[in-house]
Amino acid sequence: LEMDAVAENEEGIPYFFKGDHLFKGFHGKAELSNESFAELDDHHHLGHVDAAFRMHYEDDPTHHNHMFFFLDNKVFRYFQHKLEAGFPKDISEVFPGIPDHLDAAVECPKSECGEDSVIFFKGDEIFHYNVKTKAVEKKEFASMPNCTSAFRFTEHYYCFHGHQFSKFDPKTGEVHGRYPKEARDYFMRCSKFRDDGDHLERERCSRVHLDAITSDDAGNIYAFRGHHFIRKYDNDTLTSDTIESAFKELHSEVDAVFSYQDHLYMIKDNHLFVYKVGEPHTHLDGYPKPVKEELGIEGPINAAFVCQDHHIVHIIKGTDIYDVDLSVTPRVPTNKRPISVLRKVDAAMCGPDGVKVIRGSHYYHFESVMQFAVARALPEQHRVSLELFGCDH
């Protein structure tokens, strides 16, 4: 596994380029790059991208939120997946002083690099390009390996080399901490990759989005991703194991989980599984049952949560949220309303301090369900790995 280029799109979704294929996000099947960026194939039948980045400089509307792709001696500039007029152009025309046949490139805004910049990599040569003045400063990052791709994500900088990665300081190139690390543990969901890794370290620090999250009546948090789950006890102790080990009937990859009256309700596809919380968790007889039969709504479901001391499960399906009263039968979804601030929700949970809504590697805190439903702007962004699970890298 060695990616040719990595860049976020305008919505913050990572695009991983490998040969003539493109992976969108941290898991899922690859697709041909020319399905999203047709002109790459029109001009060059090379079957690869050398380097890519998204420029995010709000005081430069010409380049802001544009994606740049580098192939041999050409650069392509896209806005909302459409090639800008006049492109492709020679790299030397758009980025004077930057060589052809690059290995990697990554943007670095002035808040992190002093000036709005792009860092280009070719072999062991590193070039800092000043977007405003077009000045090029050649740097020596002695402690860094040669990057095959580079990536800015959650305000951190990552150099990928083969199937490993190192986090680096964009100004000095210094690598702090225990690096290199395995990209397949943190940036891609490779569930069958290996069994000898540190599951807890990987799951705490993974950038892959959570599938589901909930907290039980005792205040323990359960977070599910792929084949594994993290349990965070009310004293902040963390453990991680396979879903198969604790919830063998589910096997892996749940869609949504909520807690109600000392039970975990776990939704997978169109089925609902119910477990009594305990050591071990006990799967209730008669389950799984169809989600439609139990909750009155068709799957798949993105997220579901119950707030403390309430009988209402709030169900997120697509861009809508519904309420289902669990204390009555038959259960019927009511109070459908649209979610305007997020086009997709990966997971959500409710606690004494309000609702945490997770999208990608971040979460957003709302004081109440009503505030979430009527919000017109996103509140402050929080990192799942750092602020929920204490990962410091």
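Any Cβ shown, glycine's included, is placed from N, Cα and C.
Here's what TrEMBL has on this protein:
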type	residues	note
REPEAT	46-98	repeat 'Hemopexin'
REPEAT	99-143	repeat 'Hemopexin'
REPEAT	144-190	repeat 'Hemopexin'
CARBOHYD	Asn146	N-linked glycosylation site
REPEAT	251-298	repeat 'Hemopexin'
Provide the three-state DSSP residue tally for the repeat 'Hemopexin' (46-98): helix first, then strand, then coil.
4 helix, 21 strand, 28 coil
Same-chain residues near the repeat 'Hemopexin' (99-143), Cβ under 8 Å, at least 6 residues beyond its ends
5, 50-57, 59-60, 63, 68, 70, 72-73, 91-92, 149-152, 155, 157, 159-160, 168, 170-175
So if I measure Cβ to Cβ from the residue listed as 'N-linked glycosylation site' and keep only same-chain residues at least 6 apart in sequence, which ones fall under 8 Å?
Asp103, Phe121, Gly123, Asp124, His161
What are the helix, strand and coil residue counts for the repeat 'Hemopexin' (99-143) according to DSSP?
4 helix, 21 strand, 20 coil
Find the average pLDDT over the repeat 'Hemopexin' (46-98) in the predicted model and report it.
84
